[in-house]
Amino acid sequence: MQQYSSKYNKQAILLVNLGTPDNYDTKSIKRYLKEFLSDPRVIEANPILWKIILNLIILPIRAKKNIHTYKTVWNKQHNKSPLLFYTENLADKLDKKLDNYIVDYAMRYGNPSIESKIKSLQDQGATEIIIFPLYPQYSATTATVYDEVYRVLSKLRWQPTIKGINPYYDNKFHIQTISQQIKEHLKKLDSTPDTVLFSFHGLPKEYFDKGDPYYCHCYKTYRLVKEELQNEYPNIDFELSFQSRFGPKKWLEPYTTVKLEEFAKQNKSVVIIAPGFSADCLETLEELAISEKENFIKKGGKEFSLIPCLNDSNQHVDMLYNIIDEEICLKK
């Protein structure tokens with residue numbers, strides 16, 4: 001990130017993504033998963049019982065299991081996970097576009113931490129920090145970003161002003177960007193697919209029952225993009241699903257795996273997009289692009305094509321710029 005004189009640059013924008021291990025070894029993965037899965041916003045369970053299950057069962061098994069999956073998607077050229085690589089580049093591009101603001105990024109879990117970046121921004125003279133969670137749909141992962149921000153602030157004698165960017169699941173710039181992304185992908189294909197499947201990260205159904213708006217936000221994103229596209233593509237079915245189920249509880253349905261198996265049995269061709277993810281990560285590059293694709297083809301599916309996340313594309317930079325400008329009226 002660029003360094004700025006504290007005399008002239010007092011406002012900062014902090015992009016926050018979910019997080020990633022520092023490397024794909026057992027120790028790094030276990031450390032990351034422990035921080036992530038210890039957050040009561042993420043796992044709502046008896047804290048004592050969950051701590052025992054997490055440390056004795058979940059972490060030893062999942063850390064070893066995930067070595068191969070992380071290694072498969074790891075950006076070995078830069079020795080970074082794709083999520084970290086794209087988020088870092090995204091922040092750098094937005095920083096260059098916003099001359100009057102300091103732009104940086106942090107991860108809610110893992111490194112670079114929110115705490116380290118708030119300190120860095122203060123050292124550069126930021127007296128106002130705009131927090132921008134890169135999750136279009138609001139859920140526990142959004143709330144916990146602010147939990148951590150205010151935990152950090154509670155320890156500071158000098159606290160910067162904090163502002164937050166709202167979830168952008170139905171923002172016109174977001175809907176237009178996702179719609180255009182799908183159009184551009186469809187133009188590259190040799191034939192028109194039978195279905196475009198919108199796959200969002202899943203959530204235990206009980207969270208929805210308790211009032212979490214995530215499902216409603218996902219559905220609205222899906223509906224608004226569908227409305228943008230269905231007149232132009234009347235022969236394509238647009239459908240919604242949820243992936244990455246974890247544990248024995250019932251999660252939001254329909255499950256992506258189940259929907260893809262249904263399409264495979266019907267020998268359909270499918271294009272899949274994961275608009276809840278701002279950058280490609282394990283859930284898109286391994287779970288969807290490899291595991292789900294292999295299962296889909298094995299079960300009789302015709303063609304499978306995954307649309308990349310917005311990542312560090314210029315379209316993503318422009319979209320974030322417009323959303324921020326709409327929310328806070330950027331200084332030009």
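Keep in mind that glycine also has a Cβ here, set from the backbone N, Cα and C atoms.
Some features that Swiss-Prot has for this protein:
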type: BINDING; residues: His201, Glu283; note: Fe cation binding site
DSSP three-state assignment for His201 (Fe cation binding site): strand
Site with most surrounding Cβ atoms, counting all protein chains shown within 10 Å, from the binding-site residues His201, Glu283: His201
Glu283 (Fe cation binding site) in three-state DSSP notation: helix
